[in-house]
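Data block below; observations after.
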Amino acid sequence: MSKVTSSTLLKYKQEGRKFTALTAYDASFASAFDGEGIDVLLVGDSLGMVLQGHDDTLPVTTADIAYHTRCVRRGIERSLLIADMPFMSYATPEQAMENATTLMQAGANMVKLEGGHWLLETVTKLTERGIPVCAHLGLTPQSVNVFGGFKVQGRDAENAQRIIDEAKALEAAGAQLLVVECIPASLATAITQALTIPVIGIGAGATTDGQILVMHDVLGISSGYIPRFSKNYLKQTGEIRSAVRAYIEEVANGSFPSAEHTFN
């Protein structure tokens with residue numbers, strides 16, 4: 001089976017074929033997800049919450065992400081591997097270059113950065129030097145203290161237009177993928193239609209080109225608050241690989257995310 005690349009995902013978008021992504025943090029789970037056909041694996045800074053037990057993602061370091069990226073890389077053959085750049089690891093273009101290089105050398109195919117217009121120079125410099133970028137808009141968890149909590153973004157017209165404008169600008173700067181998180185489904189639709197690059201949604205409705213979830217939510221092993229946009233597939237299947245297959249099938253046929261997982 002051929003490896004998934006950014007070109008593969010672009011082809012999927014052009015064909016109207018939905019694709020799936022999951023977080024992964026170790027070789028064993030990554031191998032299972034890869035083997036069942038998950039297209040994209042993200043070593044997310046969500047590990048700060050689901051693995052390290054923090055209340056948010058801010059304590060995660062580049063060294064943490066690099067370690068787990070190396071673990072995941074050893075377990076996969078097909079999936080595209082994206083590594084999150086953690087809080088304050090890309091405050092300047094120079095800092096971003098150094099830390100992104102570390103993550104690419106750890107085995108990532110692409111790095112993910114949260115932010116809008118202020119990131120444009122950084123995105124351009126990274127892509128010009130051979131480091132592919134996945135951008136991230138909407139609810140950006142590293143800005144949780146600015147937002148005043150984990151809240152849906154883009155519900156008013158002004159902020160919705162700002163997010164659309166930032167999405168277009170990030171694409172023009174060289175981003176090859178975009179994640180949109182916790183935004184109204186109508187806004188996600190507008191962004192997906194406005195961009196040539198694939199758009200991956202989480203809590204953003206069913207019209208994005210792909211969907212991503214945190215593996216701990218999919219497998220029902222998260223502690224504490226479970227986001228509305230998530231679904232426990234292990235509960236309905238009883239087996240990890242079957243849960244992953246059910247997730248893939250429901251994204252492909254459009255039954256996930258449903259209205260109960262979507263914000264308006």
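Placement of Cβ uses the backbone N, Cα and C atoms for every residue, glycine included.
Taking the Cβ of Glu181 (active site, proton acceptor) as centre and 10 Å as the limit, one finds 23 other Cβ atoms among all the protein chains shown. According to Swiss-Prot, the feature active site, proton acceptor maps to Glu181, an assignment based on sequence analysis.
Residues or ranges marked as Mg(2+) binding site in Swiss-Prot (evidence: sequence analysis): Asp45, Asp84, Glu114.
Lys112 (3-methyl-2-oxobutanoate binding site) falls within a strand when secondary structure is assigned with DSSP. Cβ-based neighbour count (10 Å, all protein chains) for Lys112 (3-methyl-2-oxobutanoate binding site) stands at 25. Annotation source Swiss-Prot lists 3-methyl-2-oxobutanoate binding site at Asp45, Ser46, Asp84, Lys112, citing sequence analysis.
Across the residues annotated as binding 3-methyl-2-oxobutanoate (Asp45, Ser46, Asp84, Lys112), the widest Cα-Cα separation comes to 13 Å. Over all protein chains present, the Cβ of Ser46 (3-methyl-2-oxobutanoate binding site) has 22 other Cβ atoms lying within 10 Å.
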